[in-house]
Number of protein chains: 2
Amino acid sequence: MSEEPERHPDDVQQHLRDVQELLSRQRLVEDLVLRQDMPRHDLVEDLVHRQHLAELQHRLDELHPADIAFILEALPLDERLFLWNLVKAERDGEILLEVSDAVRESLIETMDPQELKAAAESLDADELADLAPDLPPEVIQDVFQSLDTEEREQLRAAMSYPEDTVGALMDFDMVTVREDVTLEVVLRYLRRFDELPEHTDKLFVVDREEHLRGILTLEQLLTNDPETLVSTLMRTETIISFEPGDDADDAAQAFERYDLISAPVVDSEKRVIGRLTVTDVVDYIREETEHEILSNAGLREEEDIFAPVWHSVKNRWGWLAINMVTAIIASRVIGAFEGSIEKLVALAALMPIVAGIGGNSGNQTITMIVRAIAMGQVEHSAMKRLIRKEMGVAVINGVFWGGFLGVMAWWLYGSWSLGVVMTSAMILNLLLAASAGVLIPMIRTRFGRDPALGSSVMITGLTDSGGFFIFLGLATIFLL
Amino acid sequence: MSEEPERHPDDVQQHLRDVQELLSRQRLVEDLVLRQDMPRHDLVEDLVHRQHLAELQHRLDELHPADIAFILEALPLDERLFLWNLVKAERDGEILLEVSDAVRESLIETMDPQELKAAAESLDADELADLAPDLPPEVIQDVFQSLDTEEREQLRAAMSYPEDTVGALMDFDMVTVREDVTLEVVLRYLRRFDELPEHTDKLFVVDREEHLRGILTLEQLLTNDPETLVSTLMRTETIISFEPGDDADDAAQAFERYDLISAPVVDSEKRVIGRLTVTDVVDYIREETEHEILSNAGLREEEDIFAPVWHSVKNRWGWLAINMVTAIIASRVIGAFEGSIEKLVALAALMPIVAGIGGNSGNQTITMIVRAIAMGQVEHSAMKRLIRKEMGVAVINGVFWGGFLGVMAWWLYGSWSLGVVMTSAMILNLLLAASAGVLIPMIRTRFGRDPALGSSVMITGLTDSGGFFIFLGLATIFLL
């Protein structure tokens, strides 16, 4: 055993480079064949060609499905599909699960119903449920027919829960034991398994009707005398369990808070029906935060960076349209004061500062409040206190930055009254930003809406139009 | 055993409400004492007072440290400190580890060196290393003296690795076994433990010099014949291990990709020196994405929502200042065209639309590119292809939205040439946004910088000034 048991985390980058290298050599050969106008079956070329293909295929077979998924995502469409055809059919299912939604779509488009059915049949019920929305209905129908009764029931259950619930994340792989046996019996029972379900850190102790009675960890199983009864060891208090309808966010927070690896999912009668594992939770957390970051920037969903232009246009269209509406409103606010701007053109140059800094400051407030609400740490009763605090921050910033800008306006345009208007407008717009930054998310929560969705667009729209209105309004009253 | 073994994920909200209820009852009694000007030691009041305190303390003792941390974060400063004093001293350490940085600061400020020392001494070396930056130097000195040689070495090691490396996340709790023993021997060895290190899903097989030879999972241990030798079962290939200097982001991605629960950390000679677990990785992922979301909104770090106003001002100051600079630059660009605006005041009303939509569109591009770079999926060679694609999106959006706005400008101001200028400015500014959205992060990566940091501020600054310049410039040339 001279081999060093070692693989490095950044190896996947190396895999990517290797595959790209092989692909480009492959392409070189093909180019040669085409350019020299040689018959495609020329013996020598064909040999080189096949050799490269074999090497590439060999590399792919050795890679973890997640690594293949990574490489597929990083390749432009033509190379991606070329590679996808080299992947062994029986691995298609697990790889489709790993790739991003956008890339999955591009791969599924090229597969015929037979291939899709084969890929789907290699998966567990909970995995199948994840893939199902992307499959053509007739393929799902076919796969459904091929399942046994229990699997059908599981698939039906898994597909019936809305996204963002525990039911949509859970799997059905769990090991249950009875409480009236000794650890020795449990150990013998486990030895009959070829392998345990992935990430098994605890066994669920159930009665004859599958009601959850307690939890026995593998640790307890390993560190205690085999003669001990399960019932004397199992934990029965403060067991963290979930129901399939529970919010996935809450479950994710519980996993983080209590450092869980797995937890039972029970129905309303406390019967164990499934299991939630940390890896599903990690994937969920990553997806949720991805989604939040993308929608903050006005992207509907993750993009395949090599997607056709038209896909990207559709993905970004919605938020641009909303942005357009708020921009036009702000423009009409300015339009109402065109007379004032004509008389004092300095207003045109100064007004974007008031609007811009108001927007930035409002985004700071709303981001903080939205996060605190998401963590469940802001009760409605705290609203007054938070508004007072944010108002305090706004006044300090307004006086300081507004004062600075007032002096700048005075110095640039030689009018101290313009400076005073600038400072006052800054303070007022920051106060508007602060109160809207607290009120918008809290009111939306009160009415059961997601406080995060579009919060940045809303607050920016408000501080833009508000900022222009306040600044130009004050200027019209006091300067003209 | 009639008790239902069940705890629900949203219980922590209930805990919070219970504690708030107890606190407010507590306050009622105190108010009564104060208002009635009764001697504070009046017997009856004192009894009620003590009863509430005891109840509160009892509740706290029952709660998980993470739940206490959650409640402390959700309470205003005075109630938070009141509660903190009720927490048993021996639990201080683990709770300090769980609270957010901002809240930790507020708690540590109220503790004297003795209390801090006691809290610190209850922690493992790797936990201590996390807490150390927030502790006064003399406390660290004291704690350091009280450690044994091995722990000192571990603490020194853990503190020597920069944040964002595997070394800063790893712990030192691992179980190692030899390859020349049977599973039976391993099982007997484990039975001697009172408990295993948390999240032990695999044992590290090492030689006499602690070199990593292979991995034995608990699953293998449980599902195989006890007479089997470790060496025949242990995995020696494709073991994922890390070195302490490895980037924590890469490690987190590897944990996600390969669904790991724990992994060995080895030194350059492949000696096992520590362990990385999924819970550390989950915490890290959460912190990183939090940080990204906060810094996108211009917040330096997470805020204690009940922090004094002054703390918040400091936290938000930096980005506001940068925003101010870009706003002033944009304002001076407009200032250069004041003559044009004076002649055609419609320009003042239309220019923020060009700038705003350019900014929004640029943010969409840059967010997508930054994320793809972070995932390691964009090679420098892909730059040309990406720019071409983003240019395509920009042209489509520019023609469509710009065309719409051009018609609107024509309709509002009755000048078709103003409409043409509007449309052209939109197309050009979107092209600027697209190319900058690809180039800024790729060039920053090329020079070894973090492509995400401040990317939104930079692109918005550029599209604001650029949008004003393009629109007002075109108008000056073609309309006046």
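Here the Cβ of each residue, glycine as well, is placed from N, Cα and C on the backbone.
Predicted-model confidence for the domain 'CBS' (B:170-232) is 93, expressed as mean pLDDT. Annotated domain 'CBS' per TrEMBL: B:170-232 (among others), in sequence order.
The annotation domain 'CBS' is assigned in TrEMBL to B:234-293 (among others).
Per TrEMBL, the feature transmembrane segment maps to B:393-413 (among others). Long-range contacts of the transmembrane segment (B:393-413) within the same chain, counting only residues at least 6 positions beyond its ends with a Cβ under 8 Å from a Cβ of the stretch, are 346, 350, 353, 357, 361, 365, 419-420, 422-428, 430-431, 433-434.
Taken from TrEMBL, the feature transmembrane segment covers B:419-440 (among others). Through the fold, the transmembrane segment (B:419-440) approaches residues 350, 354-355, 357-359, 361-366, 369, 383, 386-387, 390-391, 393-395, 397-399, 401-403, 405-410, 451, 455, 458-459, 462-463, 466-467, 470-471, 474-475, 478-479 of its own chain, all at least 6 residues removed from its boundaries and within a Cβ separation under 8 Å.
Away from its own ends, the transmembrane segment (B:452-479) comes close to residues 292, 295-296, 298, 319, 322-323, 326-327, 329-330, 333-334, 336-337, 340-341, 344, 347, 350-351, 354-356, 358-359, 361-363, 365-367, 370, 374, 415, 417-418, 420-422, 424-425, 428-429, 432-433, 436-437, 440-441 of its chain (Cβ-Cβ under 8 Å, at least six residues beyond either end). The transmembrane segment annotation in TrEMBL covers B:452-479 (among others).
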**Prompt:** In the domain 'CBS' (B:170-232), how many residues does DSSP assign to helix, to strand and to coil?
**Reply:** 18 helix, 17 strand, 28 coil
